[in-house]
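What TrEMBL records for this protein is below:
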type	residues	note
TRANSMEM	444-464	transmembrane segment
TRANSMEM	476-494	transmembrane segment
TRANSMEM	500-519	transmembrane segment
TRANSMEM	668-688	transmembrane segment
TRANSMEM	700-721	transmembrane segment
TRANSMEM	741-760	transmembrane segment
TRANSMEM	819-845	transmembrane segment
TRANSMEM	851-870	transmembrane segment
DOMAIN	877-1042	domain 'GPI ethanolamine phosphate transferase 2 C-terminal'
TRANSMEM	882-901	transmembrane segment
TRANSMEM	940-959	transmembrane segment
TRANSMEM	1003-1023	transmembrane segment
TRANSMEM	1043-1069	transmembrane segment
C-alpha cells in the first residue's frame, strides 16, 4: 500500500488552496498606509502668537489630565434615569456621574462616545490614541498586539517632555513600549477574572494622583468588560462592578486639583450577551464623561447628550494639554471644551482657533497621504481642498476685521457661527472620505487568488475521478518540482522575493504541470475505458439515472455556494444549512425510490393484503431518515443570535450553569449534562465491545476501559465546580481556584495520553492462539510470505482462515485448534472512533456545560449519516464499496457547517467564545499561542471532528458487511452466501485500490470545502463595495478560510491515522507469524 504518496498528494492539493487563499487575502484585507511623519511644535499651523512655556500650537488649558478608561462602558451604563422604578442590574449604578452633572452643569457633561468598528479593545486603543481609523484586518491582531509606530497622543506627550503614567490592561505595554514613566500592568486576557486588574489599579490610583509626578494618568479598568463576557450585562455581578466604578469615581474626584481634567470613557459597548467586536448600535455606543473643578462650559447641558466620535478625543485632548495633534489624526475638536471664561465672542474666537488648527492639520495629513498611498479619490480630495481653502481665507479675513474693529457684534457673531460650520463641514467630509476609502483593495491579487482556488477545485475534481489511474509520484513530485523551479525563476526574473507571490507562482506552475500531464495521459485512459460498454449503448433512462447520480448532491452544493452572494442567506445560514442537509437526505432516499430500490421486485413472493410493498432493508433506511430529521430539529435549539436578526433570543444552553439562579433548575441541568457525558462514554465502549475491540490487554484497550470513565469524571467535577457562584463558595475560594485548574489539566493530560497510545499501538486486536504446531493457518500460501506484496495480500486470507477454523470448532467439534482474533475486522474504525472520542472530550471541555447535549447529538447524527450511507449503498446494489458517493461526502460537509452553528457559534467576532482560552489556566498566559489554539479549537470543533472522522465514510460499508451481503451485491453463486464477511480486512485484498480510494475520498472532501471557500472569496471580491461587506461578507470569508485550514489539517491527520493503523496491522501479523 502506497502511503506517503497519498499524503503527499493531499498535502500538495491543500497547498494549492492555501496559496490562492493567501494571495486573495493579501489583496482583500490590506492595512491602510501608516505615514512615518510626526507633528512638531514648529512650524505651527496656528497664526504666529506668543505662547506660554509648555504650549504648542495653542495655549494649553490644563496642566494635567486623568483618563479613566472603563472597558465596555456602554452609554446605557452611564446614563441615569430617576423615573425608572425597577432599574436593571446595569442601570442607574453610576450615580456619581449624574450627581456631578446635575449639581455642577458648567463643570461636567456626559456624551455618547461613538466607536468605529471593529469594536475590539486593541483597535479602540489605537483609535483613542492616534485619532485614526484602524482597518478591519487589524481585528486579528487582538491576540498579538504590535507596537504603534504611527504618531499618537502618548508619543507627542513624551516628545514634549510630559510624563505619562499607566495602570491596568497590559495590552498598552505591547502597543506603547518605553512610553510610560511609570506603569502598573496587570494580565488582561482572562475574561473570567473580574477583579485582578481593577483591584490592582485601585491599590495605586489615589496615591499616584496625590503624588503629582505625572502629566497624563491612564487607568484602564477591565472588570465591567469581563463581567459582560462571563455573565452578561443583566446580572447581579454587573451591578456590583458598576457600583465599584461609581465609588472609584467619587473618591477620585476628591483627589483632583483645579488644573486637572478628568475623562471617564468606555472604549466600546456590549451586546445583550456581553460580547463586542461588531458594529451594532449597542456595541458602538460607549460613554464619555468630562469633568473639571474649574468651569468648562458656558451653557448648560443639552436635553439629549451629544454624540461624539471617539477619534475626536485625540485632537481635543492634545490641544487642551498644549501638545501638537498627532499627524494622522482625522478627528474633530470638541469645541465646547475651548470656550474659556470670557464673553460669547471671545469663546467663539477660541473655538474658531481650535477649528482652524485642527483643519490645517487634517489638510496636511490628506496631502501627505494622497502622495504616499494614492488611493483617495482625486475628485473628493479636490473638493476637500476647495472647502479648506475657502474656510482658511475666510478665517484670515475675519481675524483681520476683528483686529481692525470693523464688524458690529451681531454681524461678528453671525460670521463666527457661519465660519465654524464651514470648518465642521470640512472636517466631517474629510473623515467620511477616509472612512470610505480605507478599504484599499488590490484587484489583480484578488482575481488571481480566486483563479488559483478555482483551478484547485478543478484539480481536486479531476484527480478524484481519476484517482485509481493516477501515478502519484509523477503527478505530485514532478508537478511540485516543476512549480518550485518555475516559481523561483519567475521570482528571480521579476526581482520580487515576496513570499506570497512566490507561493502563488509555484502553485500556478504546478497546477499547469498536473493538467498537462493529465491531458497527455488521456489517450491511454481512453484505450483502457474502451473495454467498458459505451455510454451511447445505454438507454435514455439509464443515462438519465447515471447523470442524476452526482447531479443531485452537486446541485445542493451549487445552491449553497450560490446563496453565499446573499447577505440574507449568510445571516440566516444557521437555519438554511440544516434545511439543505435534510433536503439532500430526502433526495438521496427519493433517488433510491425512483430507481425502484424501495419497492418490492416483480419476482418477489406475493404479499398478503394490507402489507407494505417494500424491501425489508428499506424500513431501516426510512427510520434513519426520520432520526436524522429529529436530530436536525433538536440541534437547532443550541443556536447563537446575530444582531441583524430581530427578536432573536440566544439559546439558554450557551450560558454556563453558574448563570442559573434556581438551585433546582441548576441541579437538573447538571444531571442532564452528566447523563449526556455518560451516554457518550457508554455508547463508544458498547460499540467497541460489540466489534471485539475491548478484549485485549493492550495499553490502548486498558485506557479505553478505565481512562474514558476517568476523563468523564474529571469533566463532571469541573462542571460541578464552575456551576457554583463565587459568593456561595467564598470560604473555599483557594480550593475552588485550584480545582478550576486541576480538573481541566487532568483532562488535557489524559486526552494527550490516549492520543499517544493511539499513535504507539493503535491495533486493538486480541488473538487467542490454540493452533497445533504443524498446522498452517493460511490456505493459499505455503508458510510465511516471502515479500512485502505477499504480506499485503495474505492478511485478509489469515482473517478468513481464522474465521473458518473457529467456525469449524464451534459447529463440528473439530479437534484442530484455531486462532481467534477479536476486533481485526474493525481495526481501522476502532482507532478512529477512539481518537474522535478523545478529541470530543477535549472540545467538550472548552464549551459550556450544556453543550454536552449538542455534542451527543453531533456523534449521533454522524452515526446516522454513516448508517444512511451504508443502507443506501446496500439498497442500490453498489458493486464497488471502495467508492464513496458524492451524497455521503457533501452530507458530511453540510453536517460540519450545521454543528458549527449548533455548538453556539456564528461567523462574527462578537460570537467567539473567548472563555475557552482560560479553561485550565487561572493566570494570564505567557504566550498568545496557547489561548489562540484553545479558542480556535472551541470555534472549529465540528470541523475538527468531522474532518478527522472523514475516513469512516470509506470504512463503514466494510465494517457493516454481513454474511451474504457481498454476494448479493456481486450477484455471485449461492455457495458464496455462507462465506464469512472479511469486513475491513477486505481492504487488504486490494491495497493499491485502498490507498487510491483514500486519496479519492480526501480529494472529494477538499473539493467540497474548496467550492464553499471559492464562493466566499468571489462574494467578498464582487461585493467588496457592498454596504454589508465588513459586517457580513468579510467575517464570513475569514471564518470560512480558517475553517478550511482547520479541516484540511485534520483531514490529513485522519487519513494519516488510517495509514498508520495499516502499518500496525502489518507489524501485528509479523508478530503472529512465529507462532
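The first residue you see is number 1, and the count goes up from there.
Glycine is treated like the rest: Cβ placed from N, Cα and C.
Worth saying up front: this structure is predicted, and the values here are computed from it rather than measured.
Any idea what these are sitting next to in the structure?
Nonlocal intrachain contacts for the transmembrane segment (668-688), taken as residues 6+ away from its ends with a CB within less than 8 angstroms of a stretch CB, comprise 657, 660, 694, 704-705, 708-709, 712, 715-716, 719-720, 723, 764, 830, 833-834, 837, 840, 844, 849-850, 852-853, 855-856, 859.
With a threshold of 8 Å between CB atoms, the same-chain residues lying at least 6 positions outside the transmembrane segment (700-721) that come near it are 657, 670, 673-674, 677-678, 680-681, 684-685, 688, 693-694, 736, 739-740, 743-744, 746-747, 750-751, 753-754, 757-758, 760-762, 764, 834, 837-838, 841, 844-845, 849.
Counting only same-chain residues 6+ beyond the ends of the transmembrane segment (741-760), those with a CB under 8 A from a CB of the stretch are 699-700, 703-704, 707, 710-711, 714-715, 717-718, 721, 831, 834-835, 838-839, 841-842, 845, 919-922, 1057, 1060.
Tertiary proximity for the transmembrane segment (819-845) is limited to same-chain residues at least six positions away from its ends with a CB under 8 Å from its CB atoms, namely 677, 680-681, 684, 687-688, 691-696, 700, 704, 708, 711-712, 715, 718, 744, 747-748, 751, 754-755, 758, 762-771, 777, 799, 802, 805-806, 851-852, 855, 858-859, 919-920, 937-938, 941, 944-945, 948-949, 951-952, 955-956, 959, 981-985, 987, 1054, 1057-1058, 1061-1062, 1065, 1072, 1075.
Counting same-chain residues at least six beyond the ends of the transmembrane segment (851-870), those with a Cβ under 8 angstroms from any Cβ of the stretch are 585, 588, 620-621, 624-625, 627-628, 631-632, 634-635, 638, 653-654, 672-673, 676-677, 679-680, 683, 836, 840, 843-844, 884-885, 887-888, 891-892, 895, 899, 902-904, 942, 945-946, 949, 952-953, 956-957, 960.
Looking at the domain 'GPI ethanolamine phosphate transferase 2 C-terminal' (877-1042) alone, the prediction's average pLDDT is 82.
Below 8 angstroms of C-beta separation, residues 549-550, 552-554, 556-557, 560, 573-574, 577-578, 580-581, 584-585, 588, 632, 635, 639-640, 854, 858, 861-862, 865, 868-869, 872-873, 940-943, 946-947, 950, 953-954, 990, 993-994, 997, 1000-1001, 1004-1005, 1008-1009, 1012, 1043, 1047 of the same chain, each at least six residues beyond the ends of the transmembrane segment (882-901), sit close to that stretch.
Same-chain residues lying 6 or more positions outside the transmembrane segment (940-959) and placing a CB less than 8 Å from one of its CB atoms are 691, 825-826, 828-829, 832, 835-836, 839-840, 843, 846-847, 858, 862, 866-867, 869-870, 873, 881-882, 884, 888-889, 892-893, 895-900, 902-903, 982-984, 986-987, 997-998, 1001-1002, 1005, 1042-1043, 1046-1051, 1053-1055, 1057-1058.
Same-chain neighbours of the transmembrane segment (1003-1023): 10, 13-14, 17, 21, 24, 28, 446-447, 449-450, 453-454, 456-457, 460-461, 463-464, 467, 557, 560-562, 564-565, 884, 886, 889-890, 892-893, 947, 950, 1029, 1033-1034, 1036-1037, 1040-1041, 1044, 1047-1048, 1051, counting only residues six or more beyond its ends whose CB sits under 8 Å from a CB of the stretch.
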So which residues does the transmembrane segment (444-464) touch in its own chain, when a touch means Cβ under 8 Å and the partner is 6 or more beyond its ends?
9, 13, 16-17, 19-28, 470, 475, 500, 504, 507-508, 511, 514-515, 518, 999-1000, 1003-1004, 1006-1007, 1010-1011, 1013-1014, 1017-1018, 1021, 1024
